[in-house]
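Shown next, in structure tokens, is the structure this report addresses.
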Amino acid sequence: MVGPARPPSQGLKRVGKPVLGNSSHSGVPAFQTSFSSFSHIVDASGSINFKGKASINASGVNFVNGASFAVRMQDFKQLEELGRGNYGTVKRVLHMPTSVEMAMKQIRVELESAKFKTIEMELEILHRAVAPSIIGFFGAFYDEGCVHYCVEYMDAGSLDTLTAFDIDERFELLGESLIWEGLPEEVLARTVGSTVRGLKFLKDELEVIHRDVKPTNILANTRGEIKLCDFGVSGQLQKSLALTIVGCQTYMAPERIESGLQPGNVAYGVSSDVWSLGLSTLEIAMGKYPYPVDSRGSAMAYMTALINGDVPALPERYSSAARAWVSRCLVTNPDERANYAELLVHPFLAEEMSKKVDMIGWVATALKFKAAKALRGKIP
């Protein structure tokens, strides 16, 4: 796959080659509730300063490694809202000087260190993670109390919405009858192969754990590309270990759940993302979350499902190689779980990159099912 197409230079300027920044800084000063604390972050010119990392204002963002992205609110036309949550909103926008559609994420800046750190971490990763399997970054700016950052618009959406169908489920769309036959194995291989390459890039090049691997954070576009997104809870590796419990709990590895439920958190490593990848692979192959629905309610319920039930497996319609690959992701003991290098040379993925896979055709088909489901055109 090719990397994200960067828009023309007119009206959207990047200066300097992205290189690894100094990640040893703590980055965010301690917050108090007084305005005096806020003044350490927003200077007299209206710029937000991420100490040791970047400075962002209404005209763009400048990183300490020399990379600079010039974007402004007045350059954009808002097209539609794509999502909304505690983090803020995501909108599809048009960058008018270049006629490039983007996704713009808006987060209100508050006197809260955790939220500020989330913004800092995602900006830091996005501008450094230039790789085919990572969503592209076009810039960021600060306007009216909010940080906005602009990333590649993946027009097919997230994998959960493209695969959430039952086998033999039937739909009607514009007079066409559709029957879902499941995710083809070659498409599954290309999809998870791209995801593994993205996760391996984060680990090898940026020393980062994603910490929130799940189908909603794996995106597709109509060019057939698959890319990772949402790095707000990603963590810098320190001696290959991390201690905080963040991310979606019902995709977490057992050791991560245990670290949050027991006093004196147990450290976890990169293999935790491998478990989440295994669950995500099962979900997109099965069309549903692989554990019983009620296990999504809480970390404790999820742990109960892990303890009392067998680890789920791929349906038998998939090859033994595919099933074995998922099993290597879902080994309960993290020390025995596969790493990214092993996953990429496993028989399931060893020849994946050399094969011709019609990802464009598959995405187009999946979008038909997605549209039919949205229109409630299901056939009884």
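Cβ coordinates come from backbone N, Cα and C, glycine included.
What TrEMBL records for this protein:
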DOMAIN    76-349  domain 'Protein kinase'
BINDING   LYS105  ATP binding site
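On the 0 to 100 pLDDT scale, the domain 'Protein kinase' (76-349) averages 85 in this prediction. Taken residue by residue with DSSP, LYS105 (ATP binding site) is part of a strand.
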